[in-house]
Amino acid sequence: MIEFSQVSKTFDGQRAVEALDLVIPQGELAVLIGTSGSGKSTTLKMINRLVEYDSGTLRFAGEDVRHFRPETLRRRMGYAIQSIGLFPHWTVEQNIATVPQLLNWPKPRIRDRVTELLALLHLEPEQYRGRFPHQLSGGQQQRVGVARALAADPDVLLMDEPFGALDPVTRAALQDELRRIHALSGKTIVLVTHDIDEALGLAQRIVLLERGRIVQQGSPLELLTRPASDAVRDFIGRSDIGIKLLALERVAARARQGEAAAGEPIAAAATLREALSAFVTRGADRLPVIDAQGRPAGTLHFADLLPPAP
Amino acid sequence: MTVRNPVPLLLVGLMLLAAWTLPLLSHAPNRLLSGRGIQLATLLHGPRLLLLLPAVPLLAAPWLPPRRGCCVLLASAASLWLAALTGLAGAEAARLAGGADTLARTSLGGGYWALFILGALLANDALRRLGGAGGRLALAQLALYLPLLWLLLSGRLEALSLLKEYANHRDSFDEALGRHLQLVGLTLLPAGVGGAALGLWAFCRPRARGVLFAALNIVQTVPSLALFGLLIAPLAALGRLLPGSGLAGIGLPPALLALTLYGLLPMARSTLAGLQQIPDGVLEAARGMGLSAGQRWRRVELPLALPVLISGLRVTAIQAVGLAQLAALIGAGGFGAIMFQGLSGSALDLVLLGVIPVVALAVAVDALFKLLLSLLEVGPR
């Protein structure tokens with residue numbers, strides 16, 4: 001869907017991105033991560049030509065992005081940013097309808113689309129469509145921001161630290177939302193963040209950038225188990241790599257079927273990291289597991305947290 | 001009795017001082033002789049004492065609680081007081097004039113002007129305390145002068161020398177009013193559009209900002225009289241080059257050009273400020289969603305910068321009302337012509353006839369723009 005080949009960008013003599021090669025296939029949720037100044041935002045903005053690259057080629061849907069008019073290109077890509085940037089003088093409905101209106105969708109279709117999106121993001125449509133941005137909480141504003149980015153059913157969703165300004169609880173809720181939307185729509189999503197936990201929790205592919213170059217790319221599991229260098233190990237948090245690995249797997253994968261145990265149960269959908277926390281706080285070495293319907297689904301032993309022997 | 005509010009205390013104190021020490025009117029047998037002062041106290045007897053009634057709440061103003069009702073009472077009392085004071089002056093002037101064909105002149109004295117201004121300040125203070133939206137405040141400020149306007153239109157003030165001057169110069173007054181409005185109106189359009197364009201340009205090109213505002217600041221620092229003068233030679237030359245273009249060194253074109261040049265700075269500055277106060281995220285989102293430059297300006301930048309832009313237009317308009325006064329010196333007419341005629345003939349009343357309408361015009365323009373702004377703010381921000 002998006003192919004960088006040998007793409008470079010220089011700002012006032014400063015290399016921002018250097019000879020970048022990166023392929024993001026259709027339907028993938030890719031996360032660009034790195035410290036500030038690593039070139040991750042620049043890389044994202046080159047995709048919708050908010051930043052023009054100096055050399056190399058960047059293809060979108062098989063075609064050089066420079067062959068598109070910037071406006072046409074941008075209307076085919078949803079764009080959500082950290083400061084949200086809702087238009088303060090427009091209602092939630094008008095904000096979400098921005099791109100569909102630019103694309104001259106008929107009015108009833110726009111209205112239906114707004115209803116659909118508000119429902120998708122758990123905002124009661126009739127209650128929220130007429131409100132103005134300043135009447136919403138930060139989390140609600142970002143929900144509207146995401147809905148606006150999705151409005152015209154774009155091929156690609158570009159997100160520049162979309163949840164960076166939110167409190168941890170709201171951020172976690174919106175990350176869940178994004179995972180759900182991605183699973184539901186199968187859209188290609190490119191997300192920029194500096195939060196490694198956000199990257200590990202959301203990404204199918206993590207692209208770790210440093211000083212304009214890709215240091216390592218791969219699935220969260222690959223990054224945690226086979227970090228390419230000490231720098232990568234440092235970035236993903238040397239001392240709690242084990243904890244992060246536990247966060248990637250679900251209780252259901254390790255539970256022993258057919259066994260029963262006493263005590264307060266843990267959900268099969270919980271991560272092993274949550275299970276570890278439960279072991280420690282309850283002082284138990286085995287936990288009963290229940291599935292989403294509340295039926296018993298086996299038992300998890302403390303020793304099951306260790307990866308199975310190869 | 002505690003003083004609740006020091007501002008009215010000061011104003012009331014000054015009012016009493018002015019009423020005791022300064023003459024309310026000045027009466028002269030003809031315009032060549034200097035006048036004899038008439039104190040307010042000497043005029044108050046019999047039924048005229050009733051005219052003092054609106055002054056009672058004003059004198060009590062420092063001790064009134066800042067409640068809604070008290071503020072309304074104060075503002076209406078002040079409004080009536082201004083009319084009563086003026087009506088009294090008009091009636092006394094009519095009595096002194098005796099017959100119709102007399103050379104005697106009764107003009108408003110220092111005491112009148114002091115009491116008038118202090119009364120207007122008291123009224124404004126009360127209105128401000130009332131609070132409320134800017135638009136309602138502007139309307140209320142204009143409404144203060146309605147009793148006065150009724151008095152003026154009823155003809156009860158005609159014996160005052162100021163009104164006699166008006167009667168004598170009625171034609172040139174009407175012409176001056178038309179010309180003054182023309183000067184202001186024709187300045188606002190190019191200064192508004194040009195200033196907004198310059199502001200937008202400065203917003204898009206931060207590097208050009210320094211040069212642009214340095215240039216506009218230089219224009220602003222050139223004394224207006226000098227600028228009018230400086231434009232005479234080049235425009236006269238241009239007029240000779242292009243006969244039939246109507247351009248000349250003096251008259252309307254150079255005046256409009258100078259007023260427009262002065263208007264550019266406040267307009268460009270407020271346009272830039274209006275655009276700068278739009279959050280960066282909003283601008284980036286607009287670009288990132290694929291709005292073209294024109295769509296961004298029409299749908300996002302202009303509406304969000306509009307309140308600050310209108311404030312700039314207000315400053316430009318009020319400035320133009322004042323500066324247009326000097327345009328008379330290069331033959332562009334307006335109230336300045338009446339004022340300068342009065343100055344050269346040492347006719348104080350004629351000077352006032354050229355000045356008071358300009359003050360009233362500035363107040364009206366100010367209120368008009370405040371009203372416009374408040375209408376814009378009804379929509380959510």
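Glycine too: its Cβ is placed from the backbone N, Cα and C atoms.
Under the heading domain 'ABC transmembrane type-1', TrEMBL lists B:177-369.
Residues or ranges marked as transmembrane segment in TrEMBL: B:45-64 (among others).
The feature transmembrane segment is assigned by TrEMBL to B:71-90 (among others).
Here the transmembrane segment (B:110-127) has long-range neighbours at 7-8, 11-12, 14-15, 18-19, 21-25, 39-40, 58, 61, 71-72, 74-75, 78-79, 81-82, 85-86, 89, 137, 140-141, 144, meaning same-chain residues at least 6 beyond its ends whose C-beta is under 8 angstroms from one of its own. What TrEMBL records for B:110-127 (among others) is transmembrane segment.
What TrEMBL records for B:139-163 (among others) is transmembrane segment.
Residues or ranges marked as transmembrane segment by TrEMBL: B:183-204 (among others).
Here TrEMBL flags B:211-233 (among others) as transmembrane segment.
Sequence annotations record features per position, and here TrEMBL assigns transmembrane segment to B:245-265 (among others).
What TrEMBL lists as transmembrane segment is B:350-373 (among others). Same-chain residues lying 6 or more positions outside the transmembrane segment (B:350-373) and placing a CB less than 8 Å from one of its CB atoms are 134-135, 137-139, 141-142, 162, 165-166, 169, 173, 176-177, 180-181, 184, 307, 310-311, 313-314, 317-318, 321-322, 325, 335-343.
Here the listed stretches are B:45-64, B:71-90, B:183-204, and the one with the most C-beta pairs under 8 angstroms to the transmembrane segment (B:139-163) is B:71-90. Counting residues 6+ beyond its ends, the transmembrane segment (B:183-204) has Cβ neighbours under 8 Å at 212-213, 216, 252, 255-256, 259-260, 262-272, 274-276, 297, 301, 309, 312-313, 316-317, 320-321, 324, 327, 332-334, 361, 365 in the same chain.
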